[in-house]
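Undergrad: I am attaching a structure below and will ask some questions about it afterwards.
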Amino acid sequence: GSICLEPKVVGPCTAYFPRFYFDSETGKCTPFIYGGCEGNSYVDEKLHACRAICRA
């Protein structure tokens, strides 16, 4: 879906939430640290959920 094409957005806050986003350049769900606010509409806590939604 189109949410899988959104870029990774860490956000300006300083929390530490391990998340996954779909990297459209590599075609893989990639880990990153989300700061806890002002992210995009799709970040996932679980690798398997990212893979299922984005078919990675």
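Placed from the backbone N, Cα and C atoms, the Cβ positions cover glycine too.
Note that the structure is a prediction, hence the values are computed from the model and not measured.
Dumping what Swiss-Prot says about this protein:
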- CYS4-CYS54: disulfide bond (DISULFID)
- 4-54: domain 'BPTI/Kunitz inhibitor' (DOMAIN)
- CYS13-CYS37: disulfide bond (DISULFID)
- CYS29-CYS50: disulfide bond (DISULFID)
Undergrad: Where's the emptiest Cβ shell within 10 Å among the disulfide-bonded residues CYS13, CYS29?
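TA: Counting other Cβ atoms within 10 Å of each of the disulfide-bonded residues CYS13, CYS29, the minimum falls on CYS13.
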Undergrad: Just to be sure I understand: of CYS13, CYS29, CYS37, which disulfide-bonded residues have a C-alpha no more than 10 angstroms from the C-alpha of CYS54 (disulfide bond)?
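TA: Near CYS54 (disulfide bond), where near means Cα within 10 Å, the disulfide-bonded residues are CYS29.
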Undergrad: Give the number of CB atoms, excluding that of CYS4 (disulfide bond) itself, located within 10 Å of its CB.
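TA: Around CYS4 (disulfide bond), other Cβ atoms within 10 Å: 17.
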Undergrad: Sorry to bug you, but what's the C-alpha spacing from CYS37 (disulfide bond) to CYS29 (disulfide bond), rounded to the closest Å?
TA: 20
Undergrad: According to DSSP, folded down to helix, strand and coil, what is CYS4 (disulfide bond)?
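TA: In the DSSP reduction, CYS4 (disulfide bond) maps to helix.
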Undergrad: Would you mind pulling the DSSP three-state label for CYS13 (disulfide bond)?
TA: coil
Undergrad: Which of the disulfide-bonded residues CYS4, CYS13, CYS37 has its Cα closest in space to the Cα of CYS50 (disulfide bond)?
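TA: Smallest Cα separation from CYS50 (disulfide bond) among CYS4, CYS13, CYS37: CYS4.
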Undergrad: Count the Cβ atoms, other than its own, that fall within 10 Å of the Cβ of CYS54 (disulfide bond), considering every protein chain shown.
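TA: So the number of other Cβ atoms within 10 Å of CYS54 (disulfide bond) is 21.
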Undergrad: Round to the nearest Å and give the CA-to-CA distance linking CYS37 (disulfide bond) with CYS4 (disulfide bond).
TA: 19
Undergrad: Restricting attention to the domain 'BPTI/Kunitz inhibitor' (4-54), give the mean pLDDT.
TA: 89
